[in-house]
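Dropping the structure in here first, questions after.
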Amino acid sequence: MSATESISSCGRCGKPANLQCPKCVELKLPREGAAFCTQDCFKASWSSHKSVHQKAKLSSLGTGTPAVQNSASPNEGWLYCLKKGQARTPKIPFFDWTGTLRPYPISSKRIVPDHIDLPDWAIDGIPKIEPNSDLQHIVEIKTTEQIERMRETCRIAREVLDAAARVIRPGVTTDEIDRVVHEATITAGGYPSPLNYHFFPKSCCTSVNEVICHGIPDARKLEDGDIVNVDVTVYYKGVHGDLNETYFVGEVDEASRRLVQCTYECLEKAISIVKPGVRFREIGEVINRHATMSGLSVVKSYCGHGIGELFHCAPNIPHYARNKAVGVMKAGQTFTIEPMINTGVWRDRMWPDGWTAVTADGKRSAQFEHTLLVTETGVEVLTARLPSSPSMFPWLKS
Amino acid sequence: MEEEDEDPPLAVEINKSTPPQSQNDDVSVGVTVITGYLGAGKSTFVNFILNSQHGKRIAVILNEFGEEIGVERAMINEGDNGALVEEWVELANGCICCTVKHSLVQALEQLVQMKERLDHILLETTGLANPAPLASVLWLDDQLESSVRLDSIITVVDAKNLRFQLNSHHGSSSFPEAFLQIAFADVVILNKVDLVSPEESGGVLEELEKEIHNINSLANIIHSVRCQVDLSKILDCRAYDATHATHLEALLEENQSLSSKDLHDSNVRTLCISEPLPVDLDKVRLWLEEILWDKKYSMDVYRCKGVLRVLDSDQLHTLQAVREIYEIVPTRKWKNEENQMNKIVFIGHNLNEDALTNSFRACMSISS
């Protein structure tokens, strides 16, 4: 928990204060002068106090500081996302934000040309086949033909992610990353699976700093020192390929570098035990061991998943230890492993948009993901880096 | 966008920084699943709990979806003055895909967070013949430190009609719901005992209890009239809590009477195996997985509970399984006066005693 803080005095009468201005909390302004002993004292101080908020907003305009970026002028008509993507609002929603990151307005829905094969949620946002499928209970053994299609689709997904990686730099918005992903996917003849999946408004997930996963691409510019995860899934020839990587924006601090490298290693170690006969349960043990040894924590709310003709299906693969996951790996199964590792606590919270998961303490989180195929003797990483993949990680020689 | 309201917003408490979800196991709210035929008195039971003055704040969730496990309406009794509050519980905002917790669990957690104090949650299952999927969804990993936990499964059966219900599909391929509901129950409320004719009531009720224990010898049977039961026997059972003592005591009792007496092979029954020598834990896991996951010997196991004497350990280990989900957990040190042994109870269909006993014995050998 946070360090103990000294007792505040009421900004109006000086008595011990137990209440604070919620707008100051939202804007992460100092508590001095913003603490009050009663709602009455707060009300009495309001007309003079509120100027603090105005000053804070004005001072951060155009400087690109972490507080508030000016996103109003270049993005006419862009709105904030609500209700999992089913609604929009012109005002930033109220929330007790856990860190300094805020949502920004999002752009309008991207077009998918007619010749692209669509999954059944593309039009109305509601998957129909997936929730009712037997594949939610039984782990599919893929046929040779299905495996070939998955190899091809996963390769395309890798190339799309690589295209996104190449544009990462300070000043680029996550919306621009989404545009690159969307266009690269369409050009390859695929559909960006996240688009309209349960109403998700964009074609990929971009998760910055304290966002654990499912961040929505928006008007916020990446800043020097940020870390950003880009999660891509492509639907092509009737199957999905899913992968994600966390990248550095400009120069990041030591703690962030260690976090991202450890997360990469967690995935690497997990993949190294994949082969027929290994229990799905074991993946969580391996990841947890490595993360804990590095003083980091493992997110427990989201898990790896089966993938193929369905975006998400059995098995569920938790990333934490002592889980009761059912089943053992068999040749021909395809699934993802996607550990999310946090600097601080493991708990997550949900933003008002209904998608963005953030760390409960506002500290940073990183993630890596691959789609894997269990082979007779081990594993094939279907979304592996290619010789053409850009060099993004200092610890990788290539 | 810059306009400030004339009136100030409501000031918030300082240091409200601990997220509400940081609750540990001790303060998690128990969830009881209630099954049974409509006519058996399920609604009467629910109404009894909602209306009686027990001083507890209990939420009753009515699951009206049948096949689909979802949450729609919650009825909460205010406890002290008995007033009923009906509210809508929205399905969780959480992402449905790749989440560890089912949306039902997320909805229940939201409910707990919304209410100042909730002592218990009852999940009343209309139209759900088989409680197993619900149990699987609610039996969470301890690691998740959820604010809700599966407390028990309670089946309400009708003393007057039970025998008819159990016999009604005899010979057909599928079981009457009553078998499954009793098989998965931790507590069976034998209701309407007053409707059983007084002259033969002693004999008849005994017979019914035998029938119920034949299916599930671990279930705790409670007689009732109009479902009026002592709530302390119903709530806080902790039937899925590996560390909870009461279940162990029943298992550790010397008598072998846990196996079903009457063997109708086509029916659901209880089988108990016991072996004195310590077992190799890795072998036990493989043995259990072959039975639960691979359906070895074509047995259909619904529930499994046991205590294990583990090689090179002074800890008594408990075993618990619902369908394919199982866990084996070290629970406590064996007491000096206890007779250390393995005792495992299976509730299911097509159970093969010889196969189970022999294959379990293989877990005892020191060399493989």
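Cβ coordinates are placed from backbone N, Cα and C, and glycine is handled just like the others.
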Which of A:D226, A:D231, A:D253 does TrEMBL put in the same Zn(2+) 3 site as A:D242, A:E369?
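Among the candidates, TrEMBL records only A:D231 at this Zn(2+) 3 site.
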Figure out which of A:H198, A:H305 sits with A:D242, A:E338, A:E369 in the Zn(2+) 4 site per TrEMBL.
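Given A:D242, A:E338, A:E369 bind Zn(2+) 4 in TrEMBL, the matching entry from A:H198, A:H305 is A:H305.
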What subset of the binding-site residues A:H214, A:D231, A:D242, A:H305, A:H312 has a Cβ positioned less than 8 Å from a Cβ of chain B?
A:H214, A:H305, A:H312
Compute the centroid of the Cβ atoms of A:D231, A:D242, A:E369, then list the same-chain residues not in that set whose Cβ lies within 8 Å of it, in sequence order, for the Zn(2+) 3 site.
A:C205, A:V232, A:T233, A:L243, A:N244, A:T336, A:E338, A:T371
Please report the distance from the Cα of A:H305 (Zn(2+) 4 binding site) to the Cα of A:H214 (protein binding site), rounded to the nearest angstrom.
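Per the Cα atoms, A:H305 (Zn(2+) 4 binding site) and A:H214 (protein binding site) stand 15 Å apart.
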Measuring Cα to Cα, how many angstrom lie between A:E369 (Zn(2+) 3 binding site) and A:H312 (protein binding site)?
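Spelling it out, the Cα of A:E369 (Zn(2+) 3 binding site) and the Cα of A:H312 (protein binding site) are 14 Å apart.
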What does the structure give for the C-alpha distance between A:D242 (Zn(2+) 3 binding site) and A:H214 (protein binding site)? Integer Å is fine.
13
Quick check: of the binding-site residues listed here (A:H214, A:H312, A:E338), which one has the Cα closest to that of A:D231 (Zn(2+) 3 binding site)?
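Of the binding-site residues A:H214, A:H312, A:E338, A:H214 has its Cα closest to that of A:D231 (Zn(2+) 3 binding site).
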Need one number: mean pLDDT over the domain 'C6H2-type' (A:1-60).
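Residues in the domain 'C6H2-type' (A:1-60) carry a mean pLDDT of 74 in this prediction.
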